[in-house]
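What TrEMBL records for this protein:
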type	residues	note
DOMAIN	B:59-152	domain 'FtsX extracellular'
DOMAIN	B:176-296	domain 'ABC3 transporter permease C-terminal'
TRANSMEM	B:21-46	transmembrane segment
TRANSMEM	B:172-192	transmembrane segment
TRANSMEM	B:225-247	transmembrane segment
TRANSMEM	B:267-286	transmembrane segment
Amino acid sequence: MIEMQDVYKTYPNGVIALNGISVRIKQGEFVYVVGPSGAGKSTFIKMMYREEKPTSGKIMINGVNLANIKDSKVPLLRRNIGIVFQDFKLLPKLTVYENVAFALEVIEESPKNIRKRVMEVLDLVRLKHKARFYPDELSGGEQQRVSIARSIVNNPTIVIADEPTGNLDPDTSWEIMDIFERINDRGTTIVMATHNREIVNTIRKRVIAIERGKIVRDEVKGEYGYEA
Amino acid sequence: MKLNTLRRHFRESLKSLGRNGWMTFASISAVTVTLLLVGVFLVIMLNIQHITKQIERDVEIRVHVDLSATEADKDALRAKLEALSGVEKVTYSSKDEELQKLIDSFGEDGKSFRLFEQDNPLSDVFIVKAKNPLDTATIAKQIETFPSVGKVKYGKGQIEKLFAATKTIRNVGLALIIGLLFTAMFLISNTIKITIFARRREIEIMRLVGATNGFIRWPFFLEGLWLGVFGAIVPIAIVLSAYSYVFDLLYPKLKDTFFQLLPFYPFAWQLAAVLVLLGACIGMWGSMMSVRRFLKV
């Protein structure tokens, strides 16, 4: 469960990124966040994993207010949230398996569990057969699937994706969406910022549109609503 | 922390040393040079201190009792001397004992002093020892004003010079050591900074998947520690073998003087421990300085 109440964010350089956002996303929902570039989408997303702190307002994630948790508690928060980026953020010197295992190693999971969990998620993203490959031996879509596998390997309740299909061709984008839907089916909340009109209009989900730091539209099974 | 995690930190820190080979080499060399100089200064300073302590221990005030003093006067003087603040011990040595000492100290030639046993020209003497050798001069001055006191002798001038010299050597050595330690620390901190820079993507991902800052810091912390400890090896070897050589060379010559060098054991172990500890400290401190600036905490 994600809940924002009157969230404002002004950056030190005076830019107002969020101008009073209130929203509630229930556990297990699939939400698209759309809007023009520079409208505050990224800031909205970053608030949820506390890469940015709100200037004022409340952000509750699973009952914890991110606006006033200590810096030292942020790592624990992030273990409950999976994050996927447009540029994958894989480590080039590690294999697919090692990249995914890395997320569990750094939170000190036992080696036995690591092996089991990594193979499970690689199976889910259909990359078990490429576990020993290095990222630069994979296509863009496959790399994104590795990064999705990494984001869900510690069983987060929420997956946040910032334009996950931004660097991918249309066919590959559908593959990625298929994986997100399957993750969502298991009860994981998905919040996905996107510019992909076709996907939003085809796989109908809740759409939150942000413009000039405000939510201007919030529809169940909504449309992309902007000219491409 | 789990054993596996610790193993991982060790592995990562050692890997990083290899990956940044030249910077590692530069940092270890800096620590080596620093600790070499620190080691040499420590050996010199500790020996000087050792020698001064021995000399200081021998510093005493000899209070010659006036020849006209009666037994009662002597007792009164003794009481006054013992009452002085800063006095540790007062011993009495009669003029006969003094003559005996004189005869003994000249060995064979001392026999000629036997003549004086009939008519002893020496005075009775109170030997006063100060609690703190540095107070000797002040105490001696006070004693000079007492009644039935003849001459007061305490090696005036020499002690002051000795104390001044040891103090200067100590201060100069200390200043140099501190300066050198800082230089080595900054070099280590720069090496770690480069390591961190090379691994900033890895750190970014670690932060995103929920690694604690402590976890992220450990490998860098250990890397600093290695730089410091490895840097201490060569200086320990050089300083100790040089000291053992000098010690063997000087020991026979100094045997009968009060310039005694510190014996090789346990001094060697202590010095090695101090150098390793110093290396470890500057290594860890240097790495902490750069990690703090790089990781948002």
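Any Cβ shown, glycine's included, is placed from N, Cα and C.
Outside the transmembrane segment (B:225-247), and at least 6 residues removed from its termini, the chain residues within Cβ reach (under 8 Å) are 13-14, 17, 24, 27-32, 34-36, 38-40, 43, 184, 188, 191, 261, 263-264, 267-268, 271-272, 275-276, 278-284, 286-287.
For the transmembrane segment (B:21-46), the list of distant contacts is 169-170, 173, 176-177, 180-181, 183-184, 187-188, 190-191, 194-195, 227-228, 230-232, 234-236, 238-239, 243, 262, 267, 271, 274-275, 278-279, 282-283: same-chain residues at least six beyond its ends, Cβ to Cβ under 8 Å.
Counting residue by residue with DSSP, the domain 'FtsX extracellular' (B:59-152) contains 47 helix, 22 strand, 25 coil. Taken together, the residues in the domain 'FtsX extracellular' (B:59-152) have a mean pLDDT of 82 on the 0 to 100 scale.
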